[in-house]
Structures are given as structure tokens and as C-alpha cells.
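What TrEMBL annotates here:
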- B:12-34: transmembrane segment (TRANSMEM)
- B:40-61: transmembrane segment (TRANSMEM)
- B:73-93: transmembrane segment (TRANSMEM)
- B:105-125: transmembrane segment (TRANSMEM)
- B:132-150: transmembrane segment (TRANSMEM)
- B:162-180: transmembrane segment (TRANSMEM)
- B:210-229: transmembrane segment (TRANSMEM)
- B:249-278: transmembrane segment (TRANSMEM)
- B:290-308: transmembrane segment (TRANSMEM)
- B:320-340: transmembrane segment (TRANSMEM)
Amino acid sequence: MSISAHNLVWGVRHKTIVADVSLSVAPGETLGLIGPNGSGKSSLLRLLAGLKQPLSGRVEILGQDIARVPRRTLARQVAFVQQNAATDTNVSVRDVVRLGRTPHRSALSGWSAADEAVVSAALERVDMTGHRAQAWQTLSGGERQRVHIARALAQSPQVMFLDEPTNHLDIHHQIEILRMVRDLDLTSIVALHDLNLAAMFCDRIVVLKAGAVVDCGTPDAVLTETLLRDVFRVNAEVCAGPIPCQTHIRFKAA
Amino acid sequence: MSIADDKEAGAGWLAIFLGLALIVLAVAVALAAAIGDYSIGVGTVFLAVTNGLGLTAADIPPIEQSVVWDLRLSRALVAALAGAGLAICGAILQALLRNALAEPFVLGVSAGASTGAVAVIVLGIGAGSVSLSMGAFAGAFAAFAMVALLSNGATSGPNHTILAGVAASQLFNALTSYIVTTSGNAQQARDVMFWLLGSFGGVRWPDFQLLVVVVFVGLAICLLMSRSLDAFTFGDEDAAALGVPVARIRLILFGVTAMITATIVSMVGTIGFVGLVVPHAARYVVGPMHLRLLPACAAVGAIFLVLADIASRVVAEQQTIPIGVVTAMVGVPFFAIILYRARPQQ
Ligand SMILES: Nc1ncnc2c1ncn2[C@@H]1O[C@H](COP(=O)(O)OP(=O)(O)O)[C@@H](O)[C@H]1O
Ligand SMILES: [Mg+2]
């Protein structure tokens with residue numbers, strides 16, 4: 001297993017936010033994480049990436065207990081794309097993507113041709129090469145998101161966590177980014193709101209409700225009309241497509 | 001956007017900038033040694049310096065030798081180091097606290113230093129065995145310790161740390177005022193005020209020797225951590241995701257800045273403005289990445305304070321204006337130009 005979580009519990013005073021979550025993701029798999037607002041998706045991703053310490057339970061990534069791995073070692077293997085990262089510093093797009101090389105560079109090593117190649121390739125993948133000299137502050141929301149994904153790619157990770165990466169993106173780039181994540185040779189967990197996109201691009205889906213896993217499986221197994229009503233409180237019609245992974249959800253007004 | 005942004009050959013640009021800055025600094029120090037109530041020719045200054053270094057044994061009047069070497073050169077070099085140190089501290093705190101208004105004194109160090117100094121001058125604590133500088137240094141560290149305690153070793157986030165600094169500053173400023181108003185006489189209060197606004201008056205070679213070690217060791221540590229500092233651009237959690245041991249780096253860098261600031265304050269008082277403004281000016285020229293920003297800050301800060309010190313001695317005849325007054329008067333117009341040129345394009 002690339003990622004496995006065992007009985008993760010996390011919360012704040014008087015409130016459990018992640019309740020006994022266990023899951024595992026195979027190498028190369030793309031796992032979708034869905035659930036209503038406040039169901040604990042972001043919190044769970046932070047626990048999995050080692051950015052928060054669980055109250056109990058443990059996470060293994062590539063066979064190592066992440067609580068025992070130094071931060072820098074972990075950052076060479078695991079990248080995290082935050083939901084909304086912002087800064088007031090006047091940095092250029094290239095500077096931001098270069099930050100992705102941080103865990104691979106020692107304090108005194110210079111900027112190598114290999115580093116530059118990784119950064120260029122990452123910018124190219126998210127279609128932002130033309131913006132490399134632009135100030136980050138002046139980018140649109142969707143462009144910022146793509147730059148952050150490029151930065152995560154520049155970390156050359158084997159495991160990637162993405163927290164609602166398609167927010168702010170136009171439909172073309174939503175599909176492009178998710179296709180890229182799926183086709184990349186890495187294991188990823190993606191929190192998503194768009195259930196149809198989750199159905200299209202995820203190998204498996206985990207459904208969270210109030211911090212607990214409600215269901216887990218392939219999109220057509222998980223995305224049923226009953227589940228949508230119970231978890232998301234919507235009435236919907238689920239049409240199984242002619243080919244697998246073409247499950248389509250049509251929401252009804254009442 | 002900074003000027004250096006489109007330059008792929010960033011290292012070359014920085015080398016040129018630092019080379020120029022060193023030349024300007026050398027000229028400024030030479031001027032500082034030549035200019036004063038007793039004006040001395042540049043040729044004599046040069047010989048006095050080489051004499052002092054033991055390179056020559058030129059025959060110049062002993063009084064001029066002494067004024068240049070013992071008084072003005074040490075003073076100019078301390079000014080340069082203080083400017084460099086304050087600018088570096090400002091840049092680091094602005095990055096760690098993610099606040100453009102952060103400066104070396106946000107963590108309460110200057111307030112603590114003044115309380116320590118006042119305790120020595122006015123209350124006579126230590127009964128002559130403790131110097132004003134030692135009192136100031138102890139006070140500065142007491143304030144820093146309080147901030148570190150209130151912010152869980154500076155791990156509870158930028159705004160929390162800034163608020164802890166505000167609390168410490170308020171407390172120590174109140175203590176200072178209390179001591180001055182209840183037990184100080186008018187002359188002592190005036191002395192304290194003057195010291196608080198900064199002065200290079202009393203500095204000599206031993207001050208230089210201490211400061212050169214503190215500033216260069218501090219700069220070296222900061223440069224080693226400059227990559228980690230860059231990673232704080234998008235916040236603490238993001239830095240952690242990039243592999244930075246956030247809590248440790250923050251504590252080390254806060255400690256280094258407190259050490260540098262406390263040493264400077266205990267020698268020359270609270271010199272404002274440099275630590276706030278020089279990092280912004282330097283960022284405008286070399287960009288926000290710290291491996292380049294920190295040396296640039298050191299160079300610009302050094303030049304700025306040497307020039308400000310010259311100005312403080314020549315503006316008013318027979319009188320020395322507090323250096324803090326000059327830094328603001330010289331610095332604000334200069335900064336206004338940068339602000340104007342760097343304004344966001346609407
Ligand atoms: N540090 C915190 N303190 C208190 N409540 C929190 C904290 N972090 C998250 N929560 C709460 O936990 C719930 C889950 O949050 P989150 O993981 O961000 O959900 P999601 O990403 O699924 O929308 C929310 O109700 C949120 O308000
Ligand atoms: Mg979320």
C-alpha cells in the first residue's frame with residue numbers, strides 16, 4: 001500500500017472532527033474524498049500528510065510511519081496542495097514553483113540544471129509557462145491554483161494530496177488537472193465537491209460524513225441515490241453510463 | 001515586481017549590486033572619518049587608517065591620528081554594523097511574522113532594553129558595577145523571554161506572536177515611565193530620552209569587536225536558513241508541507257534576531273526606521289528570496305546608517321541630533337519614492 005491510515009482520530013475540545021478513519025490506497029491509485037462542507041475532508045488530508053498530529057491512530061506512507069519520518073524526508077515524497085494558499089509577498093510565478101524544490105536542496109547547494117528542468121516541466125504541465133515571470137499577486141484564482149499544483153509537481157512526489165484543487169478552475173482546466181492527476185505516475189488523494197468529476201477521474205471514492213467514513217468503493221458502487229440523499233441531502237438520479245466510470249448524476253430540484 | 005525578476009542570471013546581478021554597495025560603503029565610512037567639527041583631509045584619513053592597521057608608519061599629527069582611528073572610524077564601523085544588523089532582523093521578522101510592518105522591535109526588545117537602562121541610570125541598580133549596556137541587554141532579553149513564553153516559544157502563529165510583542169512592549173514601556181516619573185529627576189529623564197532615540201556618541205573599538213561577531217555570526221545562521229525562510233511565503237503550514245521544521249526554525253531565528261537587536265540596542269539605543277524600511281527597499285531591488293535579500297539588506301542598512309550618522313553630526317552646528325531623528329528625516333522621503341514607484345498598477 002502507498003498510503004494507509006489506521007483508526008485516525010482528531011478533534012478539538014468537546015468535538016471530534018475526524019472519527020476513527022481507516023483507509024488504504026494502492027500505488028498509482030487516485031482516491032476521491034467527498035462529503036458535505038465541514039465533514040472533515042481538509043482535516044483528514046492534513047492528518048494524512050502529517051501536517052497535524054492525530055489524537056490516536058497512525059498513518060503509513062510508502063511503508064513508513066510518518067510520525068517517525070523527518071519533515072524534509074517526508075516532503076520529498078509527499079506534496080500537499082492547500083485549499084487556499086495566499087501571500088502578501090511580491091513573488092513571481094517562477095519563485096513560487098521553485099519553492100517546490102526546497103526539500104531536495106541542501107542549505108548551500110546551488111540551483112541546478114536538473115532543478116530548472118523539473119520546474120519548467122511542472123509549469124508546462126499546468127499550462128502556465130507563459131506566466132512564469134508574472135507576479136503571483138496579479139494571477140486569477142484559477143491560475144493561482146494551477147501554480148500551486150505546479151509547485152507540488154516540482155517536489156517530484158510519489159504521493160500527492162489535493163484539497164479541492166478544482167475550485168476556481170474553468171471546466172477545461174478542471175478536467176485537465178484531474179486527468180493529469182489521474183495519469184501521473186503517483187498515488188493521490190483528492191478532496192472534491194463535484195461528484196460527476198469524482199466519478200470520472202477517481203479509481204475509488206471515500207465518502208465522509210461528520211468525520212466518519214460512510215462508504216468506500218468504486219464510483220458506480222458508491223454514488224447511489226440513497227447515499228446522495230443520506231449524506232448530501234439531495235434528490236438525484238444516477239445514470240450508469242455505457243462504459244465504466246461514466247456514472248452520471250443528475251440533480252433534481254425537489 | 002522587483003527589478004531583478006526577469007534576470008535569469010540573478011547571481012551576477014547580485015554580485016554587481018553587492019560590489020557597488022561595498023564601494024559606496026567604503027566611501028561613506030571614509031567620509032564619516034573625515035567629516036566633523038574637526039575636519040580632516042581624506043589623504044590624512046587614509047594614512048591614519050593604514051597606520052592604525054599597522055601597514056604604514058606615516059608621520060601625521062597624533063591628534064588627527066587619534067580622532068580618525070580611535071573616535072570616528074570605530075564609530076562609523078559600529079554604525080555600519082548596526083544598520084546591517086537591524087536591516088537583517090527586519091527582513092527576517094517580516095518573513096516569519098508575514099507582516100510588512102514587522103521590524104526589529106516588534107518583539108518588545110527595545111522596550112525591555114529601555115527598562116533595563118532606566119533601572120541602571122535612575123534606580124542605580126547594580127551600584128556602578130553594572131553598565132548601562134548590560135542593563136539594557138538584560139532588559140531586552142527579559143522582554144523577549146516574556147514574548148517567547150506568551151507565544152508558546154513563538155509557535156502559535158504570526159499574529160499571536162505580534163500580540164505577545166505588543167503586550168510585552170506595553171508592559172515594559174509602562175515600567176520605564178513609572179520609574180522615570182516616580183524617581184527620576186529632570187536631567188536623568190533627559191538622558192534616558194536621548195539614549196532611547198539612539199546615539200553613536202560613546203562607541204569605541206570594543207563595541208565594534210563584539211558587534212562584528214554578533215552580526216556576522218547572525219547573518220551566517222540566517223543565510224544557512226534562507227531557503228527555509230523562503231518557504232514561509234505561504235504560511236507556517238505550507239512551510240511544513242515543504243519539509244521545513246517550522247517550530248525549530250522559528251525559535252532559532254527569533255533568538256538570533258533578539259540577540260542581534262539586543263546587542264545593538266544596548267550599545268547605541270533604539271534606532272528606528274532602518275529595520276522597517278531597508279528590507280522593503282532591498283526587496284524592491286533584489287526580489288524577495290532571502291539568499292539574495294539578506295546580503296542586500298546588510299549592505300543597504302550599513303550604508304544608510306553611516307550616512308545618517310554623518311548627517312546627524314553636520315546638520316546642526318556644535319550639536320548632535322539623535323540618530324533616530326535623522327534616520328526618519330532622511331529615510332522617509334527616500335522611502336516615499338520607492339513606495340510611489342512600487343505602487344500596484346491598477
Ligand atoms: N482547528 C479547529 N478548531 C475547531 N473546529 C475546527 C478546526 N478545524 C476544523 N474544524 C471544524 O471541523 C469540521 C471539519 O472541517 P474541515 O476538515 O475543514 O471540513 P471540510 O474540508 O470537509 O469542509 C468543520 O466543522 C470545522 O468547522
Ligand atoms: Mg475543506
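Note that Cβ sites are derived from N, Cα and C of the backbone, with glycine treated the same way.
Automatic prediction, not curation, is the source of TrEMBL annotations.
These figures come from a predicted structure and were not determined experimentally.
Within its own chain, the transmembrane segment (B:162-180) has Cβ neighbours under 8 Å at 97, 99, 102, 105-108, 110-112, 114-115, 118-119, 122-123, 139, 142-144, 146-147, 150-151, 188-189, 192, counting only residues six or more beyond its boundaries.
Non-local neighbours of the transmembrane segment (B:132-150) in the same chain are 107-117, 119-121, 125-126, 161, 164-165, 167-169, 171-172, 195, 251, 254, 258, 261-263, 265-267; each lies 6+ residues outside the stretch with a CB under 8 Å from one of its CB atoms.
Sequence-distant contacts of the transmembrane segment (B:210-229) (same chain, at least 6 residues past either end, Cβ-Cβ under 8 Å): 77-78, 81-82, 84-85, 88, 92, 95-96, 239, 244, 249, 252-253, 256-257, 259-260, 263-264, 267, 289-291, 293-295, 298. Counting Cβ pairs under 8 Å that are 6 or more residues apart, the transmembrane segment (B:320-340) and the transmembrane segment (B:249-278) reach 3 or more and are in contact. Here the transmembrane segment (B:290-308) has Cβ contacts under 8 Å with residues 4, 10, 14, 17-18, 21-22, 24-25, 28-29, 32, 76, 79-88, 90-92, 95, 215, 219, 222-223, 226-227, 229-230, 271, 274-275, 278-279, 281-283, 323, 326-327, 330-331 of the same chain, all six or more residues outside its ends.
Listed as Cβ neighbours of the transmembrane segment (B:12-34) (distance under 8 Å, sequence separation of 6 or more from its ends, same chain) are residues 4, 40-42, 45-46, 48-49, 68, 72-73, 75-77, 79-80, 285-286, 292, 295-296, 299-300, 302-303, 306-307, 309-310.
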